[in-house]
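Here the structure is laid out as structure tokens; the discussion comes afterwards.
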Amino acid sequence: MQRAALFRAGDAQMAAGDLGELLVPYMPTIRVPKSGDRVYKTECAFSYDSPDSEGGLYVCMNTFLGFGREHLERHYRKTGQCVYLHLKRHVAQKVPGASGGALPKRRNAKLFLDLEISSDLNSDDFEYEDEAKLVIFPDHYEISLPNIEELPALVTIACDALLSAKSPYRKQEPDSWEEELQASKHAKTLVQLDNGVRIPPSGWKCSRCDLRENLWLNLTDGSVLCGKWFFDGSGGNGHAMEHYRETGYPLAVKLGTITPDGADVYSFDEEEPVLDPHIAKHLAHFGIDMLQMQGTENGLRDNDIKPRVSEWEVIQEAGVKLKPMYGPGYTGMKNLGNSCYLNAVMQAIFSIPEFQRAYVGNLPRIFDYSPLDPTQDFNTQMAKLGHGLLSGQYSKPPMKSELIEQVMKEEHKPQHNGISPRMFKAFISKGHPEFSSNRQQDAQEFFLHLINLVERNPVGSENPSDVFRFLVEERTQCCQSRKVRYTHRVDYIMQLPVAMEAATNKDELIAYELKRREAEAARRPLPELVRAKIPFSACLQAFSEPSNVEDFWSSALQAKSAGVKTSRFASFPEYLVVQIKKFTFGLDWIPKKLDVSIDMPDFLDISHLRARGLQPGEEELPDIAPPIVIPDDPKALDIDESSVMQLAEMGFPLEACRKAVYYTGNMGAEVAFNWIIAHMEEPDFAEPLVMPAFGEVASSGAAALGAVGLDNQPPEEMVAIIVSMGFQRNIAIQALKATNNNLERALEWIFSHPDPEEESDPALDTMDMENNANANILAETGSEGPRIKDGPGSKFCFSLDLAVILLCHTHAIHGAPSCFESSYCGWVIYNDLRVCASERPPKDLGYIYFYHRIPS
């Protein structure tokens, strides 16, 4: 495309006249960003191009979406928008001695005051220049900025508002991830007193009270003081804030959060959590080497003590010089602040061919048919992330001359390698109370959340999540009558318990525990860790053993009885996802991680866990549901009063709210609200709740289940609740039948089956040969069941392809997952932006493993 500069030096008069005439036709399409508008000026909607990229970034002056050069024409063709703001950052190495080691000089500082800067470029050795131009399509006329006198007032205001707009990932909730932490204005110029203070590795206490928790280290004078309750939810007397008011020392770091990756820093002056780019230097002033530190429950452990070989060191392969990997499939992902769980899972997902084909293989079609706002489309964001990871475009090795320079200087020049999944995380976590926060999350929970979104957003005829889905057969037996019931459910993960009782080094563990308690009591460094060694066979055995069923109601006895349940595989998936259940709850109800070593096999044979169905001589339990018992005394009924009050605050009559909560089985205010919408026209809507006597049928049908056959029509009350949510009646009935009239499971079934058909061809439900010539698609029960992949024959083996290694400290909520993948060149570690060939993959410390079925 031919570029033409609209005006040049010396043509000011002509340019001023031409500008007014040229922009008149486009004035109705130029908007000024308002409060609430999101301006994407740092990242392309379809790729990871940014102002740092070679072609810069083009921001639409109407939609405020950013586009790289490769995707600009697509947006122009789809919308007809002609005016874009082109942003480009130029980076150059400083002349030796220039600026005297000051921060990079920012030209156009007034115009680009809020333009985000890569932390890689925050170096005294580099300077940058930001450039902005208005570009008009299709002739690609360029108007350099600033040009306040020549441009119409509206255009000038729009450009200034766009350039000064805040990050689109910031919002008001302080606990939300989207409020991305900013570097503190005090970090660069922080004054630290040379008062000889050295912080010990443990045993801290507030210098003004006796508190030993929620302690903050002031980075100016080294004072250790307690915080207030709203800093992180724990208690305190506010002495850290008092100290700031007395001294004006602005920055403090929370003790116990310091790891090689960073620490929690708070700015009293700025009144918010902040980033400290110089945190390592500031901590070193008080004798803390953060690169050799790890956070623990009771304190910090210094490298000089070296009490143990930590799991962090093992997983990161500390002490081993790892070879960096570049090119397609070896692209790292930036940690956005406790987002390593997302990075590890997505690296694993896009190493699977079915996901590569579904999203990257269909990328042109997905992009062409994306909505006008591609930032809010799941398939677009998945295709964008997959292309970013697999194309190699964002994982290029340094030039030969740069390598020589790095070796000579023993330092690295800033590289624009890796991608920052901010847009992806903002979309995929939208509305989720946990994943939208800045807290560390469980990789297994995020994996299931992702699979749910994949199921609800089909892409083409191929559903890539089919490779994980399998059918579980659950056999429940009444211990008294010996009769059995076989049911099936869909699952995506095999959860293996940790058989601690089978540890092969029990004597060592007992001795270590005694030494550890003595050391803690005497405030001495802890002894070298002894990790429990658990045989994998013991975990597999624990999985296969029967488990007790709580509150089991035997339809054979028409009463409660003891029952046991066993689970077997009715099908084997293409990829078997195995989770080691390393988390448990302590006596204080705080989740803790079991620090164990399990000898995970490279090849897994679980053919003995194949389901066999009803066996000769077994007698099935009658297909009768338990009766619903309603107490004679209405006061004995447990109605969730908090849900009642939530509904009453919306303006609904109190008695109607009580009935809504009662008839929906205390399932929450949202479900009860839907009941209200469906029944508010009834004449007795606001009448007091009348409890039926013991054994009677409830008037509104909620208790109409009774002791009836499960093959009958679902209760009309439950059907009405689902219909009131906007679903079709036939879908509601279909979902309830598929889940034994369990309302909560029925809703989950509907969301996992976005396009159920009234009548489906059984042949289509039982066979699918597109993706695997040896794969069969099994129906669960009838045509409405989910499609399940299975292999021929009776023997199934899996080979370990990749593992998500989850590192956690004492508390399970502090984690740092990494992904290890097996490739043709050996194992590769994906640790956020760091992608290297692994020398010693810690397969025994994994949390989630992906086994690939071996073709027969």
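Using N, Cα and C of the backbone, Cβ positions are placed for all residues, glycine too.
Straight from TrEMBL, the features:
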- 182-290: domain 'UBP-type' (DOMAIN)
- C206, C209, C226, H239: Zn(2+) binding site (BINDING)
- 331-854: domain 'USP' (DOMAIN)
- 638-679: domain 'UBA' (DOMAIN)
- 713-753: domain 'UBA' (DOMAIN)
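Same-chain residues that are not part of C206, C209, C226, H239 yet have a Cβ within 8 Å of the Cβ center of the Zn(2+) site turn out to be S207, R208, D210, L211, L215, L225, G236, N237, G238, A240. Sequence-distant neighbours of C209 (Zn(2+) binding site) (same chain, 6+ apart, CB under 8 A from its CB) are C226, N237, H239. Taken together, the residues of the domain 'UBA' (638-679) have an average pLDDT of 79. In this structure, the binding-site residues C206, C226 were compared by how many other Cβ atoms lie within 10 Å of their Cβ, and the smallest count belongs to C206. According to DSSP, the secondary structure content of the domain 'UBP-type' (182-290) in residues is 16 helix, 22 strand, 71 coil. Around the Cβ of H239 (Zn(2+) binding site), 21 further Cβ atoms fall within 10 Å across all displayed protein chains. The DSSP breakdown of the domain 'UBA' (638-679) into helical (H, G, I), extended (E, B) and coil residues amounts to 29 helix, 0 strand, 13 coil.
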